[in-house]
Ligand code: NDP
């Protein structure tokens, strides 16, 4: 893993042959703005409209999505029981008979859920309290307003997004510390009520999806509907649902899952400190890992309005449920495993110094590529969109903004960046994200699969996302996309894949 990161750093510039660079610079000469990135002023094309309206059954169509809507919550309960009661071991019926399976479901699953994950008023106060709190902050905190991409279904209109995530995050951090220290709300209550809170989150995921779905029908904002109720519920009806100044999709993606994930890890670390008097390196690692992720989302929020999720994905179960419940309550398994293992065995999971340091280095290095990779492309797109703003949110890393970038100009009008990490592979931010995800598992050792669930799941998600995205881009950019793929031939790792 460290080798591949090293490789990444070493190959960024040798991969650009001088002849290619000359060609790219020649294209760049046509540039118009101060950073040599032309503003993309053309209106939405007929092809944009066609692609935006195209209905393709994904995820196995209606049957597949029904399976997912039932399967996700069931899996979340199953994994939680394995972590809570079985030190992360994946349990199965003791006897494979009808009686054995019945007993497994009643005694091991149902009883555990009723005991530790039934909805409680206190859990609802914690979870819904945070939801309301974050929504209020999203409505009132100051921040720059950034325009999204032209929306084909709105005749090329560009929606404004209030990007106040950073102010909300900087308010939330000291406020939560205040609540904890004063005892008004002990952050350890999160992990003490984990199962109950997860159930409230699952219920809220379904409720919010339903509310947005119904509102879209009432307001007549349905878009790209397949006509199949289950499929449309899963994919969503409305493209850009809003309540006041709050864009529900952006709020759900940025403000809810990652801060909750971070606070779950903080809660585990604090619990360890309160019961044992120390915080182990792996527990601190998880707090750092989740801090970096949530902080990256807030500090780069102004880059989100030009992302695919904002201009293409609808606000259905897939986005809503996953952000409200799936991300925070499944991506946290490493933190919970570390805590539960110590709680049940009395032994804290720790590793040798080189292994631990190696993982910290891998995490921070991967974060660096993730952060700068996302900002390189997003800032480039914002420049093209005319919505670029310089912000000094901590940490601003070197190489996050490419001056006079190389790119391919497409017949469509859009530009494809072929510089920085984007000259090395086509999805540098995915590779870095996956390395971080892997490190979250590795820091727990090899005692359970569950801390690795995230990286496995994420690999499937990103592979699927890549294939969807490439298919769409190939249709959108035609020969220019082939040209781009020739210039940047590898997707994830140079010379490998
Ligand atoms: P991308 O950032 O890959 O965006 C894809 C779009 O970017 C394409 O459709 C295309 O849009 C444009 N694009 C692709 N290549 C180029 C290029 N070379 N130059 C300019 N534009 C280009 O997608 P995501 O939104 O999936 O990922 C954003 C981040 O979010 C990633 O770091 C990812 O890892 C992370 N993520 C995390 C998840 C999690 O659960 N932890 C889940 C999903 C994402 P156009 O058609 O407009 O040209």
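The backbone N, Cα and C atoms fix where each Cβ goes, glycine too.
When TrEMBL is compared with the stretches 87-108, 197-218, 219-240, the one noted as transmembrane segment is 197-218.
Within the listed segments 17-36, 37-56, 257-276, 277-296, TrEMBL records transmembrane segment for the stretch 277-296.
Segment annotation: TrEMBL labels transmembrane segment over residues 437-462 (candidates 437-462, 463-488). Same-chain neighbours of the transmembrane segment (59-80): 109, 113, 117, 194-195, 198, 202, 228, 230-231, 233-235, 317-318, 321-322, 325-326, 329-330, 333, 450, 453, counting only residues six or more beyond its ends whose CB sits under 8 Å from a CB of the stretch.
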